[in-house]
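Trainee: Quick one: the structure is below, and I'll ask about it shortly.
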Amino acid sequence: MVPLYLRSNLTKLTRMKSNIMDLVRQNFHKDCEQAINNQINLELFSSYVYLSMAYYFDRCDVALPGHYTYFKKASDEEREHAMKFMTYQNKRGGSITLTPIENPPKDDWISAHDAMMEALKLERQVNESLLQIHALATRHNDPNLLDFLETEYLKEQVDSINELANHITKLERVGDGVGVHIFDQELGE
């Protein structure tokens, strides 16, 4: 139980904190704040999926080190995206609400092609979510959020989708067997 004299100080401190956050928050709609929290979760989920892929390809019975490196880097990038959104949320006076992260859709990625297809699907989902936040920011006349999305994310998403499509095309050309190992070496460089 908190002593009475401390309760009074805690109440004042909470009120002061709320007032400061109100001073920071400017033209930042609650819908945008919620959308950013959802995006944080999606970025962390993406990181989780890529981490699952990386360590699948690192297994001794799979042994595709180039794919391990590629998906480990992708996992790190997605986690950094989530942290960048968290920093932005704080700067705008929003509140970060972390929610449970879903499990990856599977643990056995079957093949390099299967993993790349799932990665492409995931990047398209992330891109769609970013575009929805962009539309929301437009609707709520939030030029700061628009600039943040356009500067930090939108072009990179298009590049990632294109890169994955190219990898899938190459994997379809080489087929199974030795071609996958040659592609894996190229991917790891």
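Using N, Cα and C of the backbone, Cβ positions are placed for all residues, glycine too.
According to TrEMBL, the domain 'Ferritin-like diiron' annotation covers 26-175. Annotated Fe cation binding site per TrEMBL: Glu43, Glu78, His81, Glu123, Gln157, in sequence order.
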Trainee: Give me the count of other Cβ atoms within 10 A of the Cβ belonging to His81 (Fe cation binding site).
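Mentor: Excluding its own Cβ, His81 (Fe cation binding site) sees 23 Cβ atoms within 10 Å.
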Trainee: Could you give me three numbers for the domain 'Ferritin-like diiron' (26-175), the DSSP helix, strand and coil residue counts?
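Mentor: Counting residues by DSSP class gives 115 helix, 0 strand, 35 coil.
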Trainee: With the Fe cation site defined by Glu43, Glu78, His81, Glu123, Gln157, which remaining residues of that chain have Cβ atoms positioned within 8 Å of the Cβ centroid?
Mentor: Leu42, Ser46, Glu77, Val126, Tyr153, Glu156, Ser160
Trainee: Tell me, how many other CB atoms lie within 10 A of the CB of Glu43 (Fe cation binding site), whichever protein chain they belong to?
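Mentor: Counting Cβ neighbours of Glu43 (Fe cation binding site) within 10 Å gives 25.
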Trainee: Including all protein chains displayed, how many Cβ atoms other than that of Glu78 (Fe cation binding site) lie within 10 Å of its Cβ?
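Mentor: Taking every protein chain into account, the count is 23.
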